[in-house]
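Presented below is the structure to which this report refers.
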C-alpha cells in the first residue's frame with residue numbers, strides 16, 4: 001500500500017501501487033507515456049511522475065489520462081508545470097482518478113486542483129476523499145419541486161429570485177461590487193440556511209484570489225481564530241496554471257460541494273469565477289490533444305464538457321447546490337459559443353451596473369437587466385409577481401423620462417409623471433441595502449430582509465402611502481419600518497435646525 005500521490009498530508013486514501021510506464025514524448029503540458037502490454041491505465045486515471053531534473057531538484061508532477069493512442073501509449077495532460085521532465089522518466093499509474101479531500105475540514109482552507117492545501121496552514125485533517133469525476137445524480141434522486149432560494153438581499157429576492165439548486169450568471173465589470181455581493185451571499189446562506197459555500201477560482205487573477213481571501217478574513221467569513229467555524233472552502237487554479245489545472249479546478253470545487261450536499265445534507269453555494277475560463281482551458285487542452293477545432297476555434301466537445309459540469313450542480317432529495325457563476329463575455333459578443341453555451345444552463349442572471357455603483361447604490365444590481373425564470377405567478381405567487389412587475393414598470397418609466405428631465409427639468413413633466421419619478425427614486429434607493437460583510441468598511445450594521453418584508457415595503461411605496469417621506473430615508477436601510485423611522489428622525493433633525 002502507498003499514499004495516494006495525487007493529494008498530500010493527512011486524510012489521503014491509500015491505493016495499491018499499480019503499473020509503471022515511461023515518458024515517451026513531452027509536448028508542453030501534454031505527455032505521451034508508454035506502458036507494458038496489457039497494463040494500460042483507464043481514461044481519467046491519475047498518473048504521477050516522480051524523479052529529479054538535471055539540476056538534481058525533486059520533481060512531482062500529476063497528470064490525467066485523456067487519450068489511449070494505441071501501441072501501448074497514452075496521452076495525459078499535466079496538472080502542474082512540466083519543467084525539468086525528460087523522456088524515459090518513470091510514471092506511476094495510481095489506478096484511480098484524481099481524489100481530493102472533502103468534509104468540514106476543508107472549510108477556511110485554500111486548495112489547488114489536486115486538493116493540496118496552499119495556505120501554509122499545514123495538512124488537512126480529514127481521512128475522507130472523493131474522486132473529481134462522477135456521474136450526475138440520477139433522475140430518481142432529483143428534487144423537482146421549484147422553490148425560491150431566499151438570499152435576504154431585497155433586489156435579488158424581489159426582481160430576479162434565485163432557484164434552490166439553480167444556476168445564476170453574475171455579470172459585471174471590475175470594481176462594481178462582485179466580490180462584496182459574493183461574500184454577502186456566503187454570509188447569508190450560513191446564517192439563514194445553515195449552509196456552507198465553496199469558491200472555485202477558475203483561471204482568474206492570483207491577486208484577486210488573494211484579495212478575496214484577505215477580505216473574507218477581515219469580514220469574518222473565514223475565522224482565523226477557529227478555522228472550523230469558517231463558512232467557505234476556496235479552490236484556486238489561476239491564470240498562471242497550465243490548462244489542465246484550469247480545466248479541472250471547477251470539478252475539484254464541485255466535488256467538495258457535492259459532499260456537503262449528499263453526505264451532510266446541507267444547502268451549498270458554489271461560486272465559479274470565471275466559467276468562461278473553464279471553457280477556454282478546455283479549448284487549449286483540445287488543441288494540444290490534436291482535436292479538430294469547432295466554431296470560433298473552440299473545442300468540438302464544448303457542449304459535452306459544459307453539460308458534464310453543470311448537470312452535477314442540482315438539487316437532490318438530500319440537499320441542494322445553488323451555483324453562482326461569473327460570466328466573462330469576450331468582446332461583449334453574447335453569440336460567442338462560450339457564453340452562449342453557458343446561458344442555456346442558467347436559471348437567472350444578476351447584472352451589476354456601473355451607473356448604479358457611481359450613484360452609491362449598493363448592491364449595484366441592475367433591476368431592469370437582471371432576469372429570472374422563477375419570476376412567474378405560479379412559482380412565486382400573484383402578490384410577489386405583481387409587485388415585481390409594478391416596480392419594474394415604474395423604474396422603466398423613470399428611465400424613459402430621464403432624457404426629458406436632463407433637457408427640460410422636472411417642472412416640465414405632467415403631475416402623474418412627477419409622481420412616478422418621485423416613487424421610482426424612492427424604489428431605487430430602497431433597493432440598496434447595508435451588508436454584513438461591509439460593516440467593517442461602512443460602520444452601518446448589516447441587514448437581512450425576508451421576502452415577505454421586502455414585498456410589503458415595495459407595496460407601500462407603490463401605493464403612495466409614503467409619498468410624503470424624503471427619498472434619502474429609503475437609502476441603505478433594511479425593511480420599510482427602518483425607512484419610516486429614518487424619515488421621522490430626518491424630520492426631527494430638520495425642525496431642530498430651523
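For all residues, glycine too, the Cβ spot is worked out from N, Cα and C.
Under the heading ATP binding site, Swiss-Prot lists 172, 173, 174, 175, 176, 177, 178, 179, citing sequence analysis as support. In the structure as shown, the Cβ atom of residue 172 (ATP binding site) sits within 10 Å of 20 other Cβ atoms.
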172, 173, 174, 175, 176, 177, 178, 179 excluded, remaining Cβ within 8 Å of their centroid (ATP): 352, 357, 364
In three-state DSSP terms, the structure that residue 173 (ATP binding site) belongs to: coil
Three-class DSSP secondary structure - residue 179 (ATP binding site): helix
Least Cβ-crowded entry, counting other Cβ within 10 Å, from the binding-site residues listed as 173, 174: 174
